[in-house]
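Going by TrEMBL, these are the annotated features:
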BINDING   Glu28  substrate binding site
BINDING   Arg101, Leu102, Gly103, Tyr104, Gly105, Ala106, Gly107, Tyr108, Tyr109  ATP binding site
Amino acid sequence: AALARHLLAEMPPPAGVVVAGFWPIGGEIDLRPLLHALHGRGHPIVLPETPPRGRPLIFRRWTPDTPLRPGRFATSYPEGAACRPDWVLVPLLAFDRAGRRLGYGAGYYDRTLAALPGVPRIGCAYAAQEMDAVPAGPYDARLEAVATELGVIRCGKTG
């Protein structure tokens, strides 16, 4: 709930844009309060379906009443229609202030974000997941910002 308050106050998505979120797995920060708040503000919400390796994520329409199906890698996704997001909330294991993120290693978000040029990408994590520097390769997508339970960190492109 704290992440939702900070993001909505400090860096809310533009009115009406389709927001891609994610359903938490393992120890990921829980975006469900934010997803419900954005839905309540009139934003269409989409959640990712994880396809076979090597392909980008498929974002499917979600509402609070939409049942979720079990997906690959312990994920859950709605069966709603596929929809292109305008604003992407990105899960991560670690991040730095240059906008680099450490994901789960399969490259799904890097492939997906490469296919969505110009779409804002905001990491979502606990503040304790910040590192001084995260190693990144040439195909690793950078984040514009990271939202945490302590506030929103706007990322620079240095480093």
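Cβ atoms here come from the backbone N, Cα and C positions, even for glycine.
Feature map: annotations from TrEMBL on the structure.
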residue : record                 : contacts (Cβ under 8 Å, 6+ apart)
Glu28   : substrate binding site : Phe22, Pro91, Cys124
Arg101  : ATP binding site       : Val90, Leu92, Leu93, Ala94, Phe95, Tyr109, Gly123, Val134, Asp140, Ala141, Arg142, Leu143, Val146
Gly103  : ATP binding site       : Pro91, Leu92, Leu93, Tyr109, Asp110
Gly105  : ATP binding site       : none
Gly107  : ATP binding site       : Tyr139
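Counting every protein chain shown, the Cβ of Tyr109 (ATP binding site) has 24 other Cβ atoms within 10 Å.
When secondary structure is read from DSSP and collapsed to three states, Tyr109 (ATP binding site) falls in the helix class.
According to DSSP, Gly103 (ATP binding site) sits in a coil region rather than a helix or strand. Same-chain residues that are not part of Arg101, Leu102, Gly103, Tyr104, Gly105, Ala106, Gly107, Tyr108, Tyr109 yet have a Cβ within 8 Å of the Cβ center of the ATP site turn out to be Leu92, Asp110.
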